[in-house]
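To start, the structure under review is shown below, and the notes come after it.
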Amino acid sequence: MNPEMTSASGPLGDARPPATRPLTPARALAALAITQNIGYGTIFYSYATLNRAMTAEFGFETSAGFLVISVAMLLSGLCGAGFGRLLDRGDPARYMLWGSLVTGLLYVLLAAAPSYWVVAVAIVALQISGIAVLYSTSFPLLSRFPEAEARRAITRLSLIAGFASTLFWPLVIWGTETLGWRGLTAVYAGLHLGVALPLHLWMARQSLPAPRLAPVSASPETDRALRQRRFWPLAISFAATGFIGTVLMVHLVPLLEGLRMGAALYLATTAVGPAMVLARIVSAVFWPEVHPLKPAFVAALLFPFGIVLLLILPQPVAAGIGLCIAYGIAHGLFVIIGGTLPLAVFGPIGYGEILGRINRVRMVTGAFAPALFAYAQSGLGPNAALVLLVGIGGVGILCLIDLARQIQPGREGNPPSGALA
């Protein structure tokens with residue numbers, strides 16, 4: 001067997017069966033297109049609806065569920081960098097296999113939960129196990145392929161996984177009404193154990209290109225990349241943009257309801273999904289060779305631009321639809337650049353750990369974003385809170401400008417992909 005195509009041993013790598021053929025980007029993308037839709041649809045896009053049903057059954061306020069998810073996101077973010085280090089040294093497909101097993105069993109526990117405290121523990125654990133089955137692991141898996149192929153695969157996967165909301169929002173509404181939240185979470189357990197787990201097993205039985213990082217203690221290459229000054233502009237920019245995105249994900253409907261749009265509220269909210277998909281199609285079809293810093297600027301500008309429309313347009317319907325379209329495009333691009341920009345800036349060496357550390361900054365700030373925005377609304381007023389969001393978006397844009405200045409061609413220490421094309 002070609003040693004270049006033999007997966008490195010890791011904490012879980014030693015137990016894998018002998019690989020019979022190499023895993024190609026096309027095969028990986030075919031499997032991940034299904035499993036990422038399942039992962040994001042069940043773990044993220046279903047939570048708001050399930051939360052109302054679960055808290056109501058046990059006599060808790062829905063706010064208790066948002067506190068639980070904030071704690072869960074915080075702990076998940078704190079675990080990200082350490083897990084990314086394991087991905088750099090081991091086999092991401094193997095971790096996704098075990099992640100599917102644990103996630104499926106957690107949904108079994110959730111379906112049978114006798115109290116809300118068990119529900120809360122399961123939700124927190126699901127966010128942590130989600131690290132192993134979502135982009136945090138699938139992107140590092142794809143980064144093992146040659147960089148141009150990896151970037152294309154990450155972009156295409158982000159495009160396909162963008163349909164998770166389209167698929168699961170209607171499913172969770174129908175499921176909670178017809179099956180109840182316990183029946184629906186049992187179905188989710190079946191999806192993870194019966195669909196995602198076999199697909200991840202299929203990937204794990206194929207050989208993955210070996211990591212470009214020896215499976216020993218911290219790599220000097222990784223440490224050097226993390227010490228470079230460009231890490232913090234990128235991490236802070238992602239945190240600022242992610243902060244706005246998380247606020248809008250939770251508060252979008254209440255903000256639109258405050259505009260008194262009437263029936264146009266439904267038109268505005270339905271514009272979000274198509275805008276996300278359109279942005280990802282444009283990125284995949286028309287910008288395949290464009291440096292990811294350019295769509296990063298588009299996303300960073302559109303998040304605060306949508307909020308500015310909400311503040312200055314006198315026509316509520318136009319303001320609401322404009323916000324939803326800007327948010328959808330920005331969010332669609334942000335998901336893609338979340339994987340491609342760190343790869344382009346730092347290269348593939350230690351990519352899992354670098355991505356984990358960036359996501360730790362982003363998720364820790366995002367965990368408190370909905371609560372902080374609600375507090376700002378009550379303490380400062382709705383308009384002042386929105387102005388603060390625009391200011392946070394401005395910080396993200398300034399950090400990207402600083403990053404662009406640092407990765408211009410000819411600067412010492414840049415990876416080849418760091419040059420702006």
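Counting starts with 1 at the first residue shown.
In case you wondered, yes, glycine gets a Cβ from its N, Cα and C as well.
Here is what TrEMBL says about this protein:
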- 64-83: transmembrane segment (TRANSMEM)
- 95-113: transmembrane segment (TRANSMEM)
- 119-142: transmembrane segment (TRANSMEM)
- 154-174: transmembrane segment (TRANSMEM)
- 186-204: transmembrane segment (TRANSMEM)
- 231-253: transmembrane segment (TRANSMEM)
- 265-287: transmembrane segment (TRANSMEM)
- 296-313: transmembrane segment (TRANSMEM)
- 325-349: transmembrane segment (TRANSMEM)
- 361-378: transmembrane segment (TRANSMEM)
- 384-404: transmembrane segment (TRANSMEM)
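Touching of the transmembrane segment (296-313) and the transmembrane segment (384-404) is concluded from the presence of at least three CB pairs under 8 A, sequence neighbours closer than 6 excluded. At the 8 Å Cβ threshold, with sequence separation of at least 6, the transmembrane segment (231-253) lacks contact with the transmembrane segment (186-204), having fewer than 3 such pairs.
Tallying C-beta pairs under 8 angstroms between the transmembrane segment (186-204) and each of 119-142, 154-174, 325-349, 361-378, 384-404 places 119-142 first. Three or more CB pairs closer than 8 A are found between the transmembrane segment (119-142) and the transmembrane segment (325-349), so contact between the two stretches is assigned (pairs 6 or more residues apart). Within its own chain, the transmembrane segment (384-404) is flanked in space by residues 230, 232-234, 236-241, 243-244, 247, 293, 296-297, 300-301, 303-304, 307-308, 310-311, 345, 373, 376-377, 420, which lie at least six positions past its ends and keep a Cβ under 8 Å from the stretch. Panel annotation: around the transmembrane segment (325-349), residues 135, 139, 142-144, 147, 150-151, 154-155, 158-159, 161-162, 212-213, 219, 221-222, 225, 230-231, 234, 238, 241-242, 245, 248, 252, 271-280, 283, 291-293, 295-296, 298-300, 302-303, 305-306, 309, 355, 358-359, 403, 407, 415-418 of the same chain, lying at least six beyond its termini, place a Cβ under 8 Å from a Cβ of the stretch.
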